[in-house]
């Protein structure tokens, strides 16, 4: 019988990640060395081959930030390096020698971050197709909940630093296997292509080719940023494809049930809370639970909006069955809908999260201005869940209703049911 343990061990070696980073222009600062400290201090330590313990440098991270903030920080760091080469940064322990690859891989990694979710799904819903968006969002919530929970159950750490240089500080406290970015990259693009092909007439091989390119781009970006080993990426990709095989035959049935069952909004809201409560407990706080809550909240909010739209007769049943030709949209109206919608989403996010945070902290006697207050599960769950449930609902219901009211809505005759 083939012994696969050595293969797993080889794929998980951090030196492969470090070599990949060096090849594409990420090098350690020559004057940045790990602290050598006694074995008795076990806090935040990783043990190396020489039996000395090296403390990983901790950074103060804003967990409301996104990958764009880190790009800006890196540009500022590069400018400071040019002005004063003797200055040692406590936040950034690497230098970039190829800015093309840096932004190429940063953009690829951003496809699996909040900034992509909050742009892609609204743009698709407002300008392309609501039916496909609902089914993709169902798969998205399923993939990400299973993936994040598996990651926190297995507790397999990210690649060791050194030799790996971690460029994305926001996720540094999370575990590594399986890579949920890889799960997103493997699951969502292929699901989007397959679901779209059920409704629209296009060359599926071109679609699958594009999905494959996105998958490879995102996966290699996670290697470049030092956040995952090759084992994490391969494992996440295979895991997602298995879940696609399991979930895909069921997604149409689930979508029909959500649309036709009058009490679906209440069921969705309660199911989201139940799943969050069932999320595995972790020894150390990380962004995994909050990110999962964001995904569940926005998905169930959006699905609840579809039930309400269907109940009031706003979802039109097409006269002819699929497949339909792809009709180019009015780009001017697309742009207008997108700008108005994103402004409304931003206002929703700022208002709801502020109200929920202040109310929740008031109930539990916490300081709402203290960033650490959001790390308590009793605050974190309602803070993220209610905020993004409201965002998802407004994306799916309020914004399309607004677009219809002012006459800038898209064609709904064959895109909703």
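Cβ coordinates come from backbone N, Cα and C, glycine included.
What TrEMBL lists as transmembrane segment is 100-126 (among others).
The domain 'Phosphatidic acid phosphatase type 2/haloperoxidase' annotation in TrEMBL covers 132-248.
Beyond its flanks by at least six residues, the transmembrane segment (175-196) meets 109, 111-112, 129, 132, 135-136, 139-140, 143-144, 147-148, 150-152, 154-159, 202, 204, 207-208, 210-211, 214-215, 217-219, 221-222, 227-229, 231-237, 239-241, 243-244, 248, 251, 286, 288 of its own chain at Cβ-Cβ distances under 8 Å. Sequence annotations record features per position, and here TrEMBL assigns transmembrane segment to 175-196 (among others).
Positions annotated as transmembrane segment by TrEMBL: 202-225 (among others).
What TrEMBL lists as transmembrane segment is 237-259 (among others).
Taken from TrEMBL, the feature transmembrane segment applies to 294-315 (among others).
What TrEMBL lists as transmembrane segment is 327-348 (among others). Using a Cβ-Cβ cut-off under 8 Å and counting only residues 6 or more beyond its ends in the same chain, the transmembrane segment (327-348) has close neighbours at 118-119, 122-123, 126-128, 390-391, 394-395, 398-399, 402-403, 408-411.
If you look up TrEMBL, you'll see 383-403 (among others) marked as transmembrane segment.
Two recorded stretches are said to be in contact when at least 3 C-beta pairs lie under 8 angstroms, sequence spacing 6 or more; the transmembrane segment (294-315) and the transmembrane segment (100-126) meet this definition. Each residue of the domain 'Phosphatidic acid phosphatase type 2/haloperoxidase' (132-248) gets a DSSP state, and the totals for helix, strand and coil are 86 helix, 1 strand, 30 coil.
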